[in-house]
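Okay, structure first, notes after.
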Protein chains: 2
Amino acid sequence: MSEVENTSFEECLQRLMTSLEASLYEEATSQLSDLHAAEIARLLESVPPKDRIKLWLNIDSATQGDILKDLSEDVLSQLLNEMSVDGIVKATEGLDMDDLADIVPELPESALHNLLLTLDHKHRDHLKQVLSYPEDSAGGLMNIDIITVRDDVNVRTVIRYLRLLKEMPIDTDQVFVVDRTYKYIGSIHISTLLTNEAEQNIKPLINKEHKPILASTPESDVASLFEQRDLISAPVVDDNNQLIGRITIDDVVDVIRDEAEHSVMSMAGLDEEDDVFAPVIESTKSRSIWLGVNLITVFVAVFFIGLFEATLQEKIALAVLMPVVASMGGIAGTQTLILVTRGIATGRVTTSNLKVLMNKEVAIGLLNGMLWSVVIGLATYLWFSDLILSLVIATAIVVNLIFAAFSGAFLPSLLIKFKIDPALAGGVILTTITDVIGFVAFLGLASLVV
Amino acid sequence: MSEVENTSFEECLQRLMTSLEASLYEEATSQLSDLHAAEIARLLESVPPKDRIKLWLNIDSATQGDILKDLSEDVLSQLLNEMSVDGIVKATEGLDMDDLADIVPELPESALHNLLLTLDHKHRDHLKQVLSYPEDSAGGLMNIDIITVRDDVNVRTVIRYLRLLKEMPIDTDQVFVVDRTYKYIGSIHISTLLTNEAEQNIKPLINKEHKPILASTPESDVASLFEQRDLISAPVVDDNNQLIGRITIDDVVDVIRDEAEHSVMSMAGLDEEDDVFAPVIESTKSRSIWLGVNLITVFVAVFFIGLFEATLQEKIALAVLMPVVASMGGIAGTQTLILVTRGIATGRVTTSNLKVLMNKEVAIGLLNGMLWSVVIGLATYLWFSDLILSLVIATAIVVNLIFAAFSGAFLPSLLIKFKIDPALAGGVILTTITDVIGFVAFLGLASLVV
């Protein structure tokens, strides 16, 4: 850990790329040896797939295991495919159940079978339990390395028990109190054990303020909870209130980071789990889908232009200026769209305050429409010395900005109702709307007065 | 804490909005009373400013303090402006130094003066120290509630000392070991204290593996460190290696969330600290700047259309189809732009692998250009039965998609060199480039052959 972390990462990558470009694979591998697994994971994601595989096969099994849990899906699946079944079993031996459960979906069938055979009965049951919940739920996120105590003992007994364990699982900030049927009662922060006298009975020390998390809770709700309550770990129970695991902050940080990456990447139809250095053909395929969707929407928009061919023929300045109307509507609408989409995602915007927000956004659209219609009208007059054209474009701007605000505010919750991710589809649909309204308002008005 | 957290937040907001719309302010305030401070903060951010102030003034000082640290800048500053100096002093009394330091920049001058007077000498010095570092550095993020021990004692002594403290600061997962000049030596995880025998000398238990964080480290680097090492807390030292504080995971989670919000919001020129329900005039002003920037860029683009008025006059279908070329380039370029911008932000893309990535992106641009030029050429032929027009648009698509990939890959690092945030300016500049190249390629080619 050092204050020059990022610079040194850049230097590491620089040196690694130099070695790889010179095909010095042994030297490259040795450069990785002193690094933290998370850093090696990041370096592997930062080099082209061919070099990545060469590096990977030179890394020892124990380190491979630690690296696996930090890789994005795409790269993870690529590297697992290059490994022997034995290699996979060896590498995944020491992993936590939740990390193992994340890797399982990417495993080849044969490797999964052999892996299950290496686990003892108890661990196999635990893995099956974690896998029985969706990957993006509290159950899929939880780990099973919990420390439990009964409520009829004193501080000394608990500490003696902990000393017997020799060490505690990472991120253990609390031990959980359960009854004899393993039903959750509450938790005791380990600092409480240190600051209380040895003879103190633990009953009054038990924290019962917070309810445990149900295994079926979606991971985004788990993340909100951790953020709001500043938690380090939290107990997870099944439908019978039986303690089955705990979620730790490190996994929640990954959820938060992934959610954030998702909302940025999906704006361009990208997947946050994709390999940045995926092969050209693969990337071309995945990108082309988004281009195809966009092509359909842009053909919808230009179809409306086609309706006004005669008007355009009469006044070619309309053709020159029409992108201005469409573009201003698109920008204004996107501002509202992103504001509302993020507001919904962070819970600040719900059906109960959407109407207030929509009124506000439409008012902003009206005001900005009036402001910029004057500027654009003047600019048009200076360019084409055509008063009617200037008035037409000014009016079209106001109309489009009002509709843009309305659509931007309305669209996210409409898409959510149809189970469509607004971060993914919102932008494309919105700009189609603002393009069409912009073209129709501008050219339609012009056709009436030209 | 419950599994229906989000639903219940929505219900809370629903009930609150109903009370507020009926002007039942006392009822509304009482609805807040049982909630966690973080939830009240979120509710306050979710109601219009006028109602927010009325609710705020009914909340007791202690709760106000806890809420203040969870508010976004814009809302924080609004509420502080409504409070009396006494009220502010009372509300901020119990806050941690790092939280207090976050609030200070938003405080009215007179309140800051009185606040400093209420602090004792030691706390005033601490606050000044935290304030002496930039808000977005490790120093600005740190808290001073550290527990330190010397290295010549045994486990029993440390535990006895901790018992004397009665309780430990929140998120205390380790105590720090310093020498007699307060220079940092290492840390001991508190679980280590619980799992070792009382007579054990602490020296061999000291973890010296990780270097402490320098106070001047940028907060984004701090966040990467926490993520990579799965930390709960980390020590902060000044330039002389003297321990001055610690950073805890809860503040790091806020950094990660803010960074993520920033990268989404700035794509539409929005500020993540802005109040969603800011007054219409204020929002209109802040949004209009972005619209103005866009207007300039779109006028640059249409200026190039204007150069081809004669060509357009000759074949009006060009006017109808030109948005297709511009739009496809914009979408393809944005895909590359977002991929590279996020890659740089997460450290996966640096100068050493940018060239490899750029080659890959240009190859994708070429392939997707060829693919979609065939589709668009055919569609054009079906619509206008004009072979030359079809060939012209197909060629323009290929040209624009190649340039789009090149610009999208090149732009982020160029902007960073000029200290411009690529998440903010990248999209606007890129679409200007793809618009201009799209229009010039399409209309220019057409002018040669029509």
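The backbone N, Cα and C atoms fix where each Cβ goes, and this holds for glycine too.
Heads up, TrEMBL stuff is auto-annotated, nobody curated it.
Annotated features, as they stand in TrEMBL:
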- A:142-205: domain 'CBS' (DOMAIN)
- A:206-264: domain 'CBS' (DOMAIN)
- A:289-310: transmembrane segment (TRANSMEM)
- A:316-341: transmembrane segment (TRANSMEM)
- A:362-382: transmembrane segment (TRANSMEM)
- A:388-411: transmembrane segment (TRANSMEM)
- A:423-449: transmembrane segment (TRANSMEM)
Could you break down the residues of the domain 'CBS' (A:142-205) into DSSP helix, strand and coil, giving a count for each?
20 helix, 17 strand, 27 coil
With DSSP as the reference, give the number of residues of the domain 'CBS' (A:206-264) in helix, strand and coil.
27 helix, 16 strand, 16 coil
Out of A:316-341, A:362-382, A:388-411, A:423-449, what stretch is closest in contact terms to the transmembrane segment (A:289-310), meaning most Cβ pairs under 8 angstroms?
A:423-449
Where else in the chain does the transmembrane segment (A:423-449) make close Cβ contacts, counting only residues six or more beyond its ends and a cut-off under 8 Å?
262-263, 266-267, 269, 293-294, 297-298, 300-301, 304-305, 307-308, 310-312, 315, 318, 321-322, 325-330, 332-334, 337, 341, 345, 388-389, 392-393, 395-396, 399-400, 403-404, 407-408, 411-412, 415
How about long-range neighbours of the transmembrane segment (A:362-382): same chain, 6 or more residues beyond its ends, C-beta under 8 Å?
321, 324, 328, 332, 336, 389-391, 393-395, 397-406, 409
In the predicted model, what is the mean pLDDT computed over the domain 'CBS' (A:206-264)?
90
